[in-house]
Amino acid sequence: MRFTVSPRGSSGRARVGALFVGDSPIPIETPALLLSTKKGLPVFLSRDLLSSLSSPNPSLLHVSPVHFLEGPTPSVISSIGGLHNMLALQNCIFVASSRDAIESLPESICANKLGASFETPGGRRLIKPSDYMEVISSLKANFWASLADEVPSWVSEKRNKLSVDRTVQWLDNCIALDKAGGTNIFGSIVGGSNVEERRRCAAEVAKRNVSGFFIGGFGLGESMEERPRLLSAVLDKLPKEKPRQISGLDLPEEVLQGVAAGIDLFDSMYIYQLTIGGFALVFPLDILKGQKFSIQLVDGVDATKINLRATVYRRDTSPLVDNCSCYTCQNHSRAYLNHLLNVHEMLAQILLEIHNTHHCLGFFNSIREAIKCDKFDLFCKMFIEGRRAHLTTSLSS
Amino acid sequence: EMALSFEIIARFNRARAARLTLPHFTCQTPLFMPVGTQGTIKGLTNSQLEEIDCQIILGNTYHLALRPGAELIDELGGLHKFMNWKRALLTDSGGFQMVSLLHLADITEDGVTFQSPVDGKPMLLTPEESIRIQNKIGADIIMALDDVVKTTTVGPRIEEAMYRTLRWIDRCIAAHKRPNEQNLFGIVQGGIDPILRDICVKGLVDRNLPGYAIGGLAGGEDKDSFWRVVAQCTAILPEDKPRYVMGVGYPLDIVVCSALGADLYDCVYPTRTARFGTALIPEGVLKLKHKAMANDERPIDTTCACMVCKNYTRAYIHYLVMKNAMGSQLLSYHNLSYMMRLSRDLHASIVQGRFPEFVQGFLRTQFPNGDVPLWVCNAMEVAGIDISACCEPCKTDQHVDELL
Ligand SMILES: [Zn+2]
Ligand SMILES: [Zn+2]
């Protein structure tokens, strides 16, 4: 792996980077979104749809080792040749970390000194570093985060401190058990809502021989207001030349917060949650070119998305977003999506996931462009103000 | 008036390979038509359906009339436009769905009376109303409303239904407003009674319809009655019109019916069975949920070139079918690919003059021990295809048990 990063003066800590993986001459540009998966495959996107979305860049996928606890077994996965071969996604980049927001939720009460605990569809599972590493070594993901003891923001100081101790300890265990000799580990950093613990954990992890960092414990109850301070506490301690991944920052504003703090990779179940809820993202992507939030969002709850279940779309023959180049918008109308949702047809989720993924990837592209032209602060400001203006308009009308 | 042309390219005895030109697409028969009840086929995009060679998709009038409603479909430019499907569509009359889905359906000379699932009010589906709705949906092929009786019914009800079906076809023809854009197919009824079937076929043929369907089968009748009805109807239906056996979707049944001279088939079986974790393979079926699949690194079907078989192992799909939506999506994709490949193979083998060899190979693979069911042997005799070599144990070491 090779990672080059070029911070820009007026964009503060926000940075654009290029992540070169393996022998591929095509870098992954950061800040970037890791698409969520179940057992390694995007939930509703088959391989043909996936490649059409990310082309020409390789797709960047998040995978949770916890999803494989019930199978296929590590020996079968290894024998098939790891994730890339098993999923026939040889050109995709996989980044493994245990947590997701749906099927692998950290369960801090049941974690103990032996391992981390997760709420999964198959029940609660305690995972020791050795179990974790057995799955990790079979998956052969391009990058993977060490096992973390993630706790919500409301736990006691004592419990929070313990989670830092355990997470650092488990990082050492993971490094010791790593057959690849630590060439693609992201060291996990926790510390909850305590700035001191955040610093301590970041400093300890930064001392280890890791290729990058996984910042855990966000999106677990802390307020948006306290987040910038916590993020700076962590990122101040990390070397600039290594990539930083975060979990739990989902909404567009939260992503902007993370980018502003200097995060490079985001894993998130946001697209999945939108899709399951019947929502399509519609917020403007060309904000710097003056594109405005639509004022015609009749049901625009928050001005970023529309609910396709709403009866107002019953005879709406327009695409989800005008001029969107995704497969869904090129081929189908809001009326058809509304119908598919009404009759509970799976194609609704497939088509929504295509559009929402396309839209989110476009959002990250806009972010990178804004940083490149030193206008990231302006981009954030216009995004947030544009949205607020829309909300004010719709409230007063 | 009709809006199709049916051109037979090649024959083997009763079997035929044809080119069926419909307003939206030119199809090749024999052809399996996947069922897309509500304007979509379970979890597949239109591009995927084209990729696996789907040519005609079925829509269910009853479901579409409920949601999103025929008026809305019409207002938005018809079902083709609504679902953005560029190839051919077929809609059923709605009658069968009512009788099979609703307990309170009652059939009188007027039509089918049923309780609205929306507000519980009594509703009446007449032949005129069925055609009016289908005219609005706008499929390439529309079906006449027939008097549907359970296949296992016996006695005078069968005769009543057959005669009523004949009376209703005239009402359907009279109600049909778009004969230059949509083809109205009549449905042969008459249970398993050869005399009634004969009267029905003759009555329909007198109306000179663009195509004919054989109805009232695939509903639990014994296999011997099934193929005999098909054989009888195909023998007397006009050569130059397509013949559609409704509700048939088991690969073996399709091969037998094609040998007997049928052209079109539809069934929910390939997609329904996919949702239960079952894949269609040349040897029969493969149950992906079976624990033996957990370590099986082979593709579902080594002879299949579909996207799923090219890319995934049985072991991985085993763990997907238990829970993930993607599991049934991938299995539906493979199963429909299998059905479309079977259709292509039937067509090509007839065109290339090796239809008997194809049938023999098919039966050999499905019944390696030579235990071809008697009804298949009987049907093949009538079809003039010698399968005697398939009816003894296979010498190869191919084992069905091993494939589960
Ligand atoms: Zn789109
Ligand atoms: Zn296949």
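Glycine is no exception: its Cβ is also placed from the backbone N, Cα and C atoms.
The Zn(2+) site in TrEMBL is built from A:C324, A:C326, A:C329 plus one of A:H84, A:H355, A:H390, namely A:H355. Around A:C329 (Zn(2+) binding site), a 10 Å sphere centred on its CB holds 22 further CB atoms from the protein chains shown. Counting every protein chain shown, the Cβ of A:C324 (Zn(2+) binding site) has 19 other Cβ atoms within 10 Å. A C-beta separation below 8 Å, combined with a sequence spacing of at least six in one chain, links A:H355 (Zn(2+) binding site) to A:A280, A:L281, A:L320, A:V321, A:C324, A:C326, A:T328, A:C329.
DSSP assigns A:C326 (Zn(2+) binding site) to coil in the three-state reduction, outside any helix or strand. Listed in chain order, the extra residues whose Cβ falls within 8 Å of the Cβ center of the Zn(2+) site residues A:C324, A:C326, A:C329, A:H355 are A:P319, A:L320, A:V321, A:S325, A:Y327, A:T328, A:Q330, A:I354, A:H358, A:H359. Mean pLDDT for the domain 'tRNA-guanine(15) transglycosylase-like' (A:13-387) in the predicted structure: 94. Note on A:C326 (Zn(2+) binding site): other Cβ atoms within 10 Å of its Cβ, all shown chains, come to 23.
Under the three-state DSSP scheme, A:H355 (Zn(2+) binding site) falls in the helix class.
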